[in-house]
Ligand code: SIN
């Protein structure tokens, strides 16, 4: 277990700061736990080994009432407790369990998720490790999911899982979701499919899948692209052969501890009254602004003119996404100034833009090419 302990400690040391005492309290505790806590379900040489990173969320949530599904503490239980709740895992895999952090997912950030990505890549490089599972709060799960999808270069399965009911609730969905996620990470047919999101018997692509409902167990969907597969019990069933997102870019994040700051602004009637928000974003250091535009990425014309002028003047990248929740923006093409998010929603577009800016700098053509990955032209 020495290997595990060392990697876990390095993960959190690099995640936020070189000085543990400078970290916020919840991260200090997580750091301490990461050094001392690695989880395992024993060792059976005939079973594959996977690495499991716990990050917190409702799947690790706890409340004194078994009926509480709001107001509970997210990120309260550790990875060993979550694994102990699913003793059936012992028949599926050997686990290297790591408490990466233990927080509500609103506390996650791209410094942490890049570090998580690097740690997963290190483990997947070992021939002894078959795949990786991450448990995560559902609120920002899709953002971490696309970060992993865009930065891990491995055919081995990477699965991100959450739950909508805390672990202490009647009919908690976490234990079965975790069993399915771990089964998926050990399943040979799961290779080469990019990072996958699984909850509620469904398997989705991290690139497209989004949280669609703040309460329902059946919340993670990609309406336009659909699911990759489902589960019968704990057994994964894929609908098709592996079909990765066409021309999906891969970003080498070696050496990055932070990414350029990108702001998301939202479109609405009367937004012309809020033009100062654009200047405020630029003044706060934004190197890119994603607009959750109306319809096909639209904005009020006065606001749009100010957006364009202020961003051009400050060399700030402009990405138009849609607030409708689905569908593709029309691609503006490399000659245009506003970059189209294509089918990425605003929060996923923000991650893509951050990685793209970190890689290419302020190069609109190169950034648009990254966003065009799932908008191929044939013939
Ligand atoms: C969170 O995102 O940490 C809380 C909500 C959830 O996990 O469902």
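Backbone N, Cα and C atoms are what each Cβ position is placed from, and that goes for glycine too.
Positions annotated as signal peptide by TrEMBL: 1-18.
Feature annotation from TrEMBL assigns domain 'L-asparaginase N-terminal' to 50-241.
Marked as active site, O-isoaspartyl threonine intermediate by TrEMBL: 58. In the three-state DSSP scheme, residue 58 (active site, O-isoaspartyl threonine intermediate) falls into the helix class. Taking Cβ-Cβ distances under 8 Å and a sequence gap of 6 or more within the same chain, the neighbours of residue 58 (active site, O-isoaspartyl threonine intermediate) are 72, 74, 137, 138, 162, 163, 164, 165, 166, 174.
According to its DSSP assignment, residue 139 (substrate binding site) is coil. The substrate binding site annotation in TrEMBL covers 105, 138, 139.
Taking all protein chains in view, 22 other C-beta atoms sit within 10 angstroms of the C-beta of residue 138 (substrate binding site). According to TrEMBL, the feature active site maps to 138.
Positions annotated as domain 'Asparaginase/glutaminase C-terminal' by TrEMBL: 261-369.
The average pLDDT for the domain 'L-asparaginase N-terminal' (50-241) in the predicted structure is 96.
Same-chain neighbours of the substrate site beyond 105, 138, 139, judged by a C-beta within 8 angstroms of the site's C-beta center, are, in sequence order, 57, 58, 74, 104, 106, 136, 137, 140, 141, 162, 211. Break the domain 'Asparaginase/glutaminase C-terminal' (261-369) down by DSSP state and the numbers are 47 helix, 21 strand, 41 coil. Of all the binding-site residues listed (105, 139), 139 has the fewest other CB atoms within 10 A of its CB.
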